[in-house]
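Everything below concerns the one structure shown next.
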Amino acid sequence: MGAGSVWASGLLLLWLLLLVAGDQDTQDTTATEKGLRMLKSGSGPVRAALAELVALPCFFTLQPRLSSLRDIPRIKWTKVQTASGQRQDLPILVAKDNVVRVAKGWQGRVSLPAYPRHRANATLLLGPLRASDSGLYRCQVVKGIEDEQDLVTLEVTGVVFHYRAARDRYALTFAEAQEACRLSSATIAAPRHLQAAFEDGFDNCDAGWLSDRTVRYPITQSRPGCYGDRSSLPGVRSYGRRDPQELYDVYCFARELGGEVFYVGPARRLTLAGARAQCQRQGAALASVGQLHLAWHEGLDQCDPGWLADGSVRYPIQTPRRRCGGPAPGVRTVYRFANRTGFPAPGARFDAYCFRAHHHTAQHGDSEIPSSGDEGEIVSAEGPPGRELKPSLGEQEVIAPDFQEPLMSSGEGEPPDLTWTQAPEETLGSTPGGPTLASWPSSEKWLFTGAPSSMGVSSPSDMGVDMEATTPLGTQVAPTPTMRRGRFKGLNGRHFQQQGPEDQLPEVAEPSAQPPTLGATANHMRPSAATEASESDQSHSPWAILTNEVDEPGAGSLGSRSLPESLMWSPSLISPSVPSTESTPSPKPGAAEAPSVKSAIPHLPRLPSEPPAPSPGPSEALSAVSLQASSADGSPDFPIVAMLRAPKLWLLPRSTLVPNMTPVPLSPASPLPSWVPEEQAVRPVSLGAEDLETPFQTTIAAPVEASHRSPDADSIEIEGTSSMRATKHPISGPWASLDSSNVTMNPVPSDAGILGTESGVLDLPGSPTSGGQATVEKVLATWLPLPGQGLDPGSQSTPMEAHGVAVSMEPTVALEGGATEGPMEATREVVPSTADATWESESRSAISSTHIAVTMARAQGMPTLTSTSSEGHPEPKGQMVAQESLEPLNTLPSHPWSSLVVPMDEVASVSSGEPTGLWDIPSTLIPVSLGLDESVLNVVAESPSVEGFWEEVASGQEDPTDPCENNPCLHGGTCHTNGTVYGCSCDQGYAGENCEIDIDDCLCSPCENGGTCIDEVNGFICLCLPSYGGSLCEKDTEGCDRGWHKFQGHCYRYFAHRRAWEDAERDCRRRAGHLTSVHSPEEHKFINSFGHENSWIGLNDRTVERDFQWTDNTGLQYENWREKQPDNFFAGGEDCVVMVAHESGRWNDVPCNYNLPYVCKKGTVLCGPPPAVENASLVGVRKIKYNVHATVRYQCDEGFSQHRVATIRCRNNGKWDRPQIMCIKPRRSHRMRRHHHHPHRHHKPRKEHRKHKRHPAEDWEKDEGDFC
């Protein structure tokens, strides 16, 4: 390559480099053309605690240019708020030319610390922070035509709350106050925290400790009893530093939540211990008071009281609404006593608020302790096989929902709820397949809900019956669909939106025969379930087993109370001590062998007069009647649903005792004689069993035909004890038959009491045909007296002395897609008691999307029962606690032993006026809430899609229970009831479902006509405006002149003729008034209602620009300007204010020479004629009435000189000022007159001279009472 080529190549390369450099310079010039550049921060929101200082960053850069040296950047900070769906910027400060102007409301709280030394640093320093400071802030920098901005988000954390000890108000020393805050996940608040909360509107008239050992409280609205050291001014009151041993409340400060607070609202409410257990099952703990306040601060809103870790019951309200504790947002507290002290009793039932930390940390005040609550573990098929249930010691109860109004269930069916009583556990074998419960605590109560199963034998889980296992059972659990807890919409507008945890429904495949255990009290039914059956070949159609067994006493305790000795069972039926026995039925061909079961019956306390009785053998133990149904066509297993009611006790009428009985030989196993009635006609009862064993004499319930009815005998239902042991066999036809040849009756004393129970519901699908019903209409019941307590002649027996009764449920059976071809029944045995008890009931069903028509009819002849319902919230959350007592209606004298035949008639049903409503039952059988009398429950299921209804029909003379009987409304509230639902009308100053919340009486503005309300301890007082009186300022004592309209103590008149502003004001003054002033939104609305044109008002800034004043010299308390007004738009000035009619009367400043209508305003209190003054007269025309603030002037008569002030004013009370003017003749004229008459020397007596020296009495002295 030649030298020329190299040179040319070098020139080409140089040219390319210059070209690139030129392009780069062009790009740099373009980049630097913009002289202002914002350095935006992208670090996320700025977080700071309450009452602290925070710096909101804002940085920008300036590129110096000769053309813009004179352009100085303007910095503006605003807060972005959303109002009416649109963003609005509230100005904070503006900085330019080394001058910083701070907007009103931010003065003393904001600054630019780096300005003006560092003009490019516009960081805003804000503090002490308030909770309302949270939000979005805009930093805007303007230089010439360039505009840059940045947004910064501020989050203020922490909340101040007042804490009161559980025992009383003002009960904490300084050390105890610090500890109370620590247990509430907070610290004791500092004075700056309380001041910041006050500036945000915190108002609480309770003195509390602060961190500097001072005692203070914040008051935004002064009222009697809350003045403190600031009189009637708002502010934080202070008692100064106090002795640490003095007692006050405390103000706590919670800084960070560090987790989530969630509401737990199960279908039935929880005790305090149950709430702890419920939270622990969800991997959380009960929330503390501070955590709930922080959650409320972050937006939690739930109108449902719930337990907290300190034992208090509170709930957070963001949006105030009716029946949620008052008109202001906040965390409400439920107090135990009317004086707003005390936490609810731990046994009371509420919902719960749980806290789950983001990182597992120990929570203050809620340590991990074994639960002793009322909630049992729920068996779930999702868990590992062989899961053991380990309940804590002590009996646990489940309270059924208090169905006092229709329930709206959302979600699917609810999982079973388990309760247990601790007893020795035994591990039993189980049939392979599916999860297995390795051990089950004895006396455990669970609710089974039936579901289709592929197993050969249906378990008690196919029946919606409350059952209680008396011994550990080895059970096979078949997997069932996961169910969710339903949520209810009840009183108080409460709607639960969350769903409970998914739990599994257990199904017990092979219940074994166990000795029964006592399990029922008055209105507290916990029947024992004990069955003995051998399973048929699983290839056959499934069997449905329904067993309701006679109860047997346990260790003499029901719940936490012991039974009286007079209610113990006879040793002739049950031994006080039964050793562990082993019962294994003989298997049938093709049947699976039932597992062996070992059981032990605890000792029963003996009566002092009772002789020792031998322990009976295994054959003497009470067994059960097994109700079996077969399906010959191999149809799948349909659910069996049943509901039971609590037992009720009454006396038989005297005429129902028939002593015509024939004794029969004793059975070797029976220690007592028995009889068989001669006139009893026993028909076969369809019970699916062919051979029955009678280990001792029993009584079997059977239909009885009655040929007469005594006038005293009402229609009642009683039943007999069943002591049969049945074994299953495949049989032909849907129903088996029971041979009554072995049926005998136990002896019954003539004054025996009869214990009845509400009839149950039994739904037994399983037949291929449709339609038809079967009802066991008449049953018998007997019981035996205790030995040693024979009935002496003449003695009386009351229902309280009944020792044992066999109670039957009378089902009306409807088959789902099948016909009922025989009646069925099963018996239970219960013990009456007057002890406080809780009615436990849960009902479940696996019916899918069916509508069930249920008709309930009450039998006659029931005694009056008194029910005292405990206090509580009426929402159907799962509890109904009642204390029942029975009035002894009549007693029967002692007679020899006799059997019992009861005449029966058809139950006469009459409508009770109960509401009838449409019920849609997606998958849950709704528990029935009836009265205290006997009821027969008929269930008719026509098809899976037929709509049904609830209708309650009553017969007899008993009145339904009145929920307002004991007036659950507190503080003088009035209870109103509608059936079983009640509501409270609260007196002034109280709110809440039961009027338990004491609110400010003045919140609802009780004072009328503009009166000022002042809240007091037990009421309020009204300070009335002039011309009003009465306790509520409801009395109008002064009126207005004709053509004027009165409003809140003033008179107003609208003048439609147009005048300039000055002329309008002059005309109003001629009428003893002024152009109207406006001091409240109510007054503005009243004035704006006069006309539909723009009108003058008395506001003006004619004296000082931008200093607006009213012409009546009242203060500027209220403003209602149009947007961007006042603006003083015209160069000549806009000094007068007009109400713009088409913009709802908003104000605008305009020139005063406009001709517009106007409104005059004057007072209602007027003064009479001015007082007369001697030697003086009024200037102008004398009037009959003068307006308040009107002035008059006196002038002296001719020849008299004026001394002192000549004007007086009409005061607000309608009286004139006392005149000060004095009119006196000059002394010179007297001397001249004396000198002129001197030659005559007409001397007068000295006495007359003294008389003339006295000044004459003036007229105004006579009217002394008219002056101030």
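Just so you know, glycine gets a Cβ as well, placed from its N, Cα and C.
Since the structure is predicted, the reported quantities are computational estimates derived from the model, not experimental observations.
Per Swiss-Prot, the disulphide partner of Cys58 among Cys139, Cys181 is Cys139. Here the candidates are Asn339, Asn660, and Swiss-Prot annotates Asn339 as N-linked glycosylation site.
Looking up Cys964 in Swiss-Prot gives a disulphide bond to a cysteine among Cys975, Cys984, identified as Cys975. For Cys1167, the partner cysteine in a disulfide bond according to Swiss-Prot, taken from Cys1136, Cys1196, Cys1210, Cys1223, is Cys1210. It is 21 Å from the Cα atom of Cys205 (disulfide bond) to that of Cys995 (disulfide bond). Each of 37-157, 960-996, 1036-1165 was scored by its Cβ pairs under 8 Å to the domain 'Link 2' (258-356), and the highest score goes to 960-996.
For the pair formed by Asn121 (N-linked glycosylation site) and Cys58 (disulfide bond), distance between Cα atoms is given as 6 Å, rounded to the nearest Å. Proximity to Cys986 (disulfide bond), judged by a C-alpha distance within 10 Å, picks out Cys975 from the disulfide-bonded residues Cys279, Cys975, Cys1022, Cys1210.
Across the structure, Asn978 (N-linked glycosylation site) and Cys1167 (disulfide bond) place their CA atoms 58 angstrom apart. Within 10 Å of the C-beta atom of Asn121 (N-linked glycosylation site) sit 16 other C-beta atoms, taking all shown protein chains into account. The highest number of surrounding Cβ atoms within 10 Å, among the glycosylation sites Asn339, Asn978, Asn1175, is found at Asn1175. The closest partner of Cys969 (disulfide bond) among the disulfide-bonded residues, by CA position, is Cys995; the full candidate set was Cys226, Cys995, Cys1002, Cys1007, Cys1068. Here the candidates are the recorded positions Cys303, Asn339, Cys1160, Asn1175. The one whose C-alpha lies nearest to that of Cys226 (disulfide bond) is Asn339. Here the domain 'Link 1' (159-254) is broken down by DSSP into helix, strand and coil counts: 22 helix, 30 strand, 44 coil. Within the domain 'EGF-like 2' (998-1034), the DSSP-based counts of helix, strand and coil residues read 4 helix, 13 strand, 20 coil.
Considering only the disulfide-bonded residues Cys58, Cys1013, the Cβ with the fewest other Cβ atoms within 10 Å is that of Cys1013. Across the domain 'C-type lectin' (1036-1165), mean pLDDT in this model comes to 86.
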